[in-house]
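To start, the structure under review is shown below, and the notes come after it.
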C-alpha cells in the first residue's frame with residue numbers, strides 16, 4: 001500500500017506540468033491586441049530573454065567551477081558523496097528551467113492581459129492569473145519530479161548489503177539534500193541579478209522620469225520604461241520562481257532526511273519509509289488541490305481592489321482547507337506513527353503562512369491604515385516618508401516572528417508527543433510544518449507571478465495609448481498585483497525560516513555520514529561515555545561538539561552569521577545604487593541629446609537602457625553570491641562543525657527578521673505612492689506625490705533586491721554547509 005501511494009508523487013508532478021502546458025496554450029490563443037501593443041511586448045520579451053541568456057552564461061561558469069571542486073572532493077579526497085556533482089547540476093538545471101519557462105509565459109501574457117482588459121476586468125484577471133499559474137505549476141511539477149526521480153534512482157543503485165536497512169534510507173535522503181545546493185545557487189543568482197536589474201531600471205525611470213521630467217509611470221517617452229518592464233519579469237517572475245523552487249524542494253528533502261533520522265534506531269524500516277515519503281505525498285496532494293483552487297478564481301465587473309483580493313484569497317483558502325482534509329486522509333492511509341498530531345503540524349504550517357500573508361497585507365496594502373498614514377506623512381516631505389516607512393517596517397516584524405515562533409514550538413510538541421526530549425520527532429514536525437506551508441505553492445506562486453504580469457499589462461496599455469477605461473481596469477489589476485507581490489514576499493520569507501531550521505537539523509545528519517565516511521565508528525563524549533556514530537542521537541552530537549552558548553566557537557559563528565545578513569544587504573543595496581546611477585545618467589543623456597523625446601516626436605533608445613541594466617546586473621551579482629557560498633566553507637575550515645552551527649543560527653535569526661523589515665517597508669512605500677496616485681492628498685504631480693515617489697525609490701531595492709535575496713542567503717548557507725560537511729569534519733582547524 002505504501003509503495004503504491006508513493007507513485008502519487010511522480011503522477012502529481014506530471015499532472016502539474018500538463019496543466020501548466022494547458023494554461024500556456026490557452027493564453028497563447030488570445031489576441032495580443034494592436035500592432036503597437038505587439039511591438040511593445042516583443043521589445044520586453046527580447047530584453048528579458050537577452051538578460052537570461054547573459055545570466056545563464058555567468059551561472060554556467062560558476063557551476064562548472066563548483067562541479068570540478070565537488071568532483072575532486074568526491075572522487076579524489078573521498079570526503080563527499082560521489083553523487084553530489086551530478087545532483088548539484090540537476091538541482092540548478094531544474095531551478096533555472098522553471099524560471100525560464102515562467103518568465104517566457106509572463107512576457108507573452110502581458111499584452112494579452114491588457115487586450116483582454118479592453119473587454120472586461122474578469123477577462124484580464126483570468127488571463128493574468130492563469131498565466132501566473134504556469135509559473136506555480138512548473139515550479140512544483142519540476143521540483144517534485146526531480147525529487148521522485150532521485151529517490152527511485154538512489155534506491156535502486158545504493159547497495160543494501162553494506163548498510164543496515166534504516167541506514168540506507170538515511171544515506172539516500174542526505175544524498176538527495178545535496179541537489180538543493182544547485183537550486184539554491186541558481187536561485188541566488190536569479191534573485192540578486194534580477195533584483196539589481198529591475199531596481200536599476202525602476203529607480204532610473206522614477207527619478208528622472210517622474211521626479212525630474214514630471215512624466216507618468218510607463219510613459220513611452222521615458223527611455224528606461226522598457227527596461228523597467230523587463231525588470232518586472234527577471235526579478236519578480238524568474239527570481240521569485242527560483243526562490244520558491246528552492247524552498248519547496250529544500251523543505252521536502254530536509255523533512256525526508258529528518259524522518260529517516262527519527263527512525264534510525266528502530267528496527268521498523270516500514271515506519272521509517274513512511275516518514276520519508278510523507279512530506280512528498282503531502283506536496284503531491286497539494287499540487288492536485290492547487291489546480292482546483294486555480295480554476296475557482298474569478299471576479300465581477302467593476303470590482304474594487306478588495307473584491308479582487310477576495311477572489312484570489314478564495315482560491316488560495318479553498319486549496320488550504322482541502323489540503324488539511326487531504327493530509328489527515330493521506331497520513332491515515334499511511335498509518336504513520338502519531339499521524340493525527342503530525343497532520344496537525346501541517347495545519348500549523350498552513351496557519352503560519354496565512355498569518356504572515358495577512359500581516360504583510362495589512363502593513364503594505366493601501367486599503368489599510370498603516371500605508372495610508374505613510375502616504376499622509378508625505379505632507380511634510382520625503383524625509384518623514386522615509387522615517388515613517390522604516391518605523392512601519394520595523395513594527396511589521398512582530399507578527400510574523402511571533403507566528404513562526406509559535407509554529408516552531410507547536411509543530412515540535414505535536415510531532416514529538418508533547419515531549420521536548422523527543423528531539424528527532426520534534427524536528428521532523430517542524431519540517432512537516434514547512435512542507436504544509438508550501439503545500440499549496442502551486443496557487444500561492446500563481447498569485448505572486450500574477451503581479452508582474454498585471455504590472456506589465458498596465459505598462460503596455462499606457463505605452464500603447466489605450467483608453468481611460470482600459471487603464472482603469474489595468475490599474476485595478478496592477479494595484480492588486482502590488483499587494484499579492486508583497487504578500488508573496490512575506491510568504492517566501494516565512495517559508496525560508498522554517499525550511500532553514502529544517503536544513504539546520506539536517507546538517508547534523510550529514511555530519512553523521514561524514515564521520516562514518518572517515519571511519520569514525522565511535523564518539524567519545526565529554527562525560528567519558530562512548531556512543532556509536534551510527535546510532536548517535538541529535539543530543540549526542542550536540543554534546544560531542546559542545547554546542548552550547550558558552551562555547552566561543554558557537555558565539556563567534558552566531559556573530560558572523562548575523563553580520564552576513566547585513567553585509568549581504570549592504571553589498572546588494574550598493575550594487576543597485578551603482579547600477580541605478582548609470583541608468584540615471586543614460587536617461588538624462590537621452591533627454592538632453594535626442595531632441596523631441598519629451599514632445600513625442602522622437603523615440604528613445606530603449607535598447608541602450610536595457611543593455612545598461614543587463615551589464616550592471618551581471619557585474620554586480622557575482623561578489624555577493626560568491627561571499628554567500630564561501631562564508632560557510634571558511635567558517636567550517638576554521639571553527640569546525642560548532643562554528644558552522646553558530647553561523648547558520650545567526651544567519652537564520654537575523655536574516656529572517658531583516659528580510660521581513662525590508663520587504664514590508666519597501667512594499668508600504670510602493671503602495672503609499674499608489675494611494676496618492678489614486679487622488680488622495682493632492683494626487684499625481686503634487687508635493688505629497690513627489691515625496692512618496694522618493695520613498696518608493698528608496699524602497700525599491702528594499703523589497704525587490706536585498707529583502708528577498710536574504711531568503712536565499714539563509715537557505716544557501718545551510719545547503720553549502722550540508723554539502724561541505726565532509727570537508728568540515730575532515731579538515732577543520734579547531
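Just so it is clear, glycine is given a Cβ too, placed from its N, Cα and C backbone atoms.
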Of the residue ranges 202-222, 223-243, 244-264, the one that Swiss-Prot records as transmembrane segment: 244-264
Listed co-binder of Mg(2+) 2 (same site as 229, 232, source Swiss-Prot) among 455, 475, 478: 455
Where Swiss-Prot places transmembrane segment among the ranges 37-57, 58-78: 58-78
Range annotated as transmembrane segment in Swiss-Prot, from 491-511, 512-532: 491-511
Sparsest-packed among the recorded positions, when each Cβ's other Cβ atoms within 10 Å are tallied, from 191, 703: 703
Whether the transmembrane segment (398-418) meets the transmembrane segment (314-334): three or more C-beta pairs under 8 angstroms: no
Most Cβ neighbours inside 10 Å, all chains, among the binding-site residues 232, 696, 700: 232
Segment-segment contact (the transmembrane segment (275-295); the transmembrane segment (423-443)) at 3 or more Cβ pairs under 8 Å: yes
Residues from the same chain, set at least six apart from the ends of the transmembrane segment (3-23), whose C-beta lies under 8 A from its own: 101, 130-131, 133-134, 137-138, 140-145, 147-149, 277, 280-281, 283-285, 287-288, 291, 294, 330, 333-334, 442
Spatially closest candidate among 199, 206, 229, 232, 455, the listed binding-site residues, to residue 704 (site 'Important for ion transport') (Cα to Cα): 199
